[in-house]
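Enquirer: Annotations for this protein, taken from TrEMBL, read as follows:
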- 22-78: domain 'Acetyl-coenzyme A synthetase N-terminal' (DOMAIN)
- 80-464: domain 'AMP-dependent synthetase/ligase' (DOMAIN)
- R188, G189, G190, R191, T306, N330, S518, R579: CoA binding site (BINDING)
- G382, E383, P384, D406, T407, W408, W409, Q410, T411, D495, R510, R521: ATP binding site (BINDING)
- 526-604: domain 'AMP-binding enzyme C-terminal' (DOMAIN)
- V532, H534, V537: Mg(2+) binding site (BINDING)
Amino acid sequence: MSEVYPIPAETAKSALIDEKTYHEWYDRSIKDPEGFWAEHGKRIDWIKPFTKVKDVSYNGDVHIKWYEDGTLNVAANCLDRHLAKRGDQTAIIWEGDDPSESAHITYRDLHERVCRLANALTDLGVKAGDRITIYLPMIPEAAVAMLASARIGAVHSIVFGGFSPDALAGRIQDCDSSIVITADEGLRGGRKVPLKANVDKALETCWSVKNVVVVKRTGGNVHMVTGRDSWYEDLVAKAAPTHTPVEMSAEAPLFLLYTSGSTGKPKGVLHTSGGYLVYASMTHQYVFDYHDGDIYWCTADVGWVTGHSYIVYGPLANGATTLMFEGIPNYPTVSRFWDVVDKHKVNIFYTAPTAIRSLMREGEEPVKKTSRASLRLLGSVGEPINPEAWTWYHRVVGDGRCPIVDTWWQTETGGILITPLPGATPLKPGSATRPFFGVVPLMVDAEGKELLGATEGNLCIADSWPGQMRTLWGDHERFKQSYFTTYPGRYFTGDGARRDEDGYYWITGRVDDVINVSGHRMGTAEVESALVAHPKVAEAAVVGYPHEIKGQGIYAYVTLIQGEEPTEELRKELVNWVRKEIGPIASPDLIQWSPGLPKTRSGKIMRRILRKIAENDYGALGDTSTLADPTVVDDLVENRMNRV
Ligand code: WTA
């Protein structure tokens, strides 16, 4: 039995949803989803109201539609509709990498900036349905670019600024973007990131891109290609400050976001407009118990889905004040997060377990010397939070006062699916607790048989919610294959979970070949294909292993081409090679030279064995009798790299 943290009296007094309301709403959302979502669909402004709520099938060709005959504009919902009441309220607090730089942007100001960019993009020939690739650092222009894209009905695809030119090129090519919005350089932890130079490199292999718009962030020297590249500042200065938002269907694509799968190249997860915005805004309001005037800070990068739903779309649709942070937790000091909390009087703070674990290592003093009196609620996302990190977060950061919402969700789900609600859910450290309204988690065994009661198994979701992805860009077949064929008729999450006697969910991590490094998803297949692209590598197999700070580390088994020497230099070269091919987040932590890999007689690599060895759990390798050559295992065990 794990410890239970009851709902604090302070929280209970002011929370939007209490325990009784949670159960009433949840029951209704399951018994009458059409009625429930029709009612909550009204939380956003529709140009033409919807009459149909839901049209979903998880079988056959799989289709997912919500509010399909309604029309709206997502940017108008995030901006225009707030102007009358909160034009002068701060929409975005921007905190720069350097603590001396910050800015407050009101709703009125943000609206004007978005209108100007919408006009500028239109002048460049960008139309509804076109894809816009955004490769920007954490600066307000990133939000402006997203909203301007939404305003003209274009589809944005943000590529995280830490990805390499090759990774960027692959994502541009997959969706045929006609335009890239970037910056001269990014700035993180005092270090410059050559964004424009990366774009130039990427575009050597991308023929679809006609325009590159460049924000001046550092003023660093960059090469501008005549006829292709323009400065953002010049374009918006020339553009008109008002713009009529384009009326879009509820099911019009809003954005694409590439994420790693268990096989092949990254998948372009497609989200549409109406249902996504309803779900992002509703979860933002209730999960974070957002009250008017609260200062809300999500530390994610807009390059990930968390930044989409919980820095930009959810908060702005709710008229919230959202903080956007350019920097990193340990620059200039390890007190930075808490200094920012004090500087801007942050009430709600949402971060990843990996950040908590790395700060935990620095001790309590850097936290305790700050006030943090403004904090009311803490959140966690991206990977399982271990109970030690949870209790440290609660006791040290939150001074034991602030509930923690451990929110489980995925790029594919668009918004949070399993989570506590602060006024409704007693907490257990390490558990994401209970489903949000309308969400029906289902546990199945390997054969797909539903498991009831307290149990452990694979996590599926029985039915749709409005924020769910609709397809994979250009590959509906892969969409069906990836999510709806393992357990037919159900959405398979790829995660394993445990459900306890109180019906609380404990996410145990991925059960497929996706690893979660510092809350970033990485496909083992992607790292493998980067490794084998090196001229000296014959074969590679990549698995995850437990890592104290990152949650999981990347462990690579590499077989070299005949005659190549396994040296320390080569090891370093391979790490750098992967950084260059994908980006620093994909760097292998450990590389083991392996003369052979454990394969079945039909040539299939037995990853189960490789995972065990990487976990240093080589005593429990299980049955190895089906291996073509069982002796390779002895060599791998003997030369294993992880001996903790
Ligand atoms: C993991 C991030 C445990 C999970 C929003 C999921 C979590 C993957 C949690 C999605 C959590 C995310 N507890 N595990 N609270 N949140 N995960 O697409 O394995 O980047 O499948 O979306 O992160 O990662 P993604």
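Each residue, glycine too, has its Cβ placed from N, Cα and C.
From a predicted model like this one, the values you see are computed outputs, not experimental measurements.
I'd like to know what surrounds each of these features in this structure.
Expert: Over all protein chains present, the Cβ of S518 (CoA binding site) has 20 other Cβ atoms lying within 10 Å. DSSP assigns S518 (CoA binding site) to coil in the three-state reduction, placing it in neither a helix nor a strand.
Around the Cβ of T407 (ATP binding site), a 10 Å sphere holds 24 further Cβ atoms from the protein chains shown.
In the predicted model, the domain 'AMP-binding enzyme C-terminal' (526-604) shows an average pLDDT of 95.
The secondary structure of V532 (Mg(2+) binding site), as reduced to three states from DSSP, is helical.
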Enquirer: Which of G189, P384 has the fewest nearby Cβ atoms, counting only those within 10 Å, among these binding-site residues?
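Expert: Counting other Cβ atoms within 10 Å of each of the binding-site residues G189, P384, the minimum falls on G189.
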Enquirer: Listed binding-site residues: N330, G382, T411. Which have a CB under 6 angstroms from an atom of ligand 1?
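Expert: With ligand 1 as the reference and 6 Å as the Cβ limit, the list reads G382, T411.
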Enquirer: Between the Cα atoms of W409 (ATP binding site) and R191 (CoA binding site), what distance do you get, rounded to the nearest Å?
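Expert: Given the Cα positions, W409 (ATP binding site) is 31 Å from R191 (CoA binding site).
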Enquirer: I'd like to confirm something. Which of the binding-site residues, R191, N330, H534, has a Cα closest to the Cα of P384 (ATP binding site)?
Expert: N330
Enquirer: For the C-alpha pair, I'd like the distance in angstrom between N330 (CoA binding site) and G382 (ATP binding site), rounded off.
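Expert: Between the Cα atoms of N330 (CoA binding site) and G382 (ATP binding site), the distance comes to 19 Å.
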Enquirer: Can you tell which of the binding-site residues G382, T407, T411 lies nearest to R191 (CoA binding site) in space, using Cα positions?
Expert: G382
Enquirer: Taking the residues R188, G189, G190, R191, T306, N330, S518, R579, which the record names as binding CoA, find the longest CA to CA distance and state it in Å to the nearest whole number.
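Expert: Taking every pair of listed residues, the largest Cα separation comes to 24 Å.
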Enquirer: Among G189, V532, V537, these being the binding-site residues, pick the one whose CA is nearest to that of G382 (ATP binding site).
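Expert: Going through G189, V532, V537 one by one, the Cα closest to that of G382 (ATP binding site) is G189.
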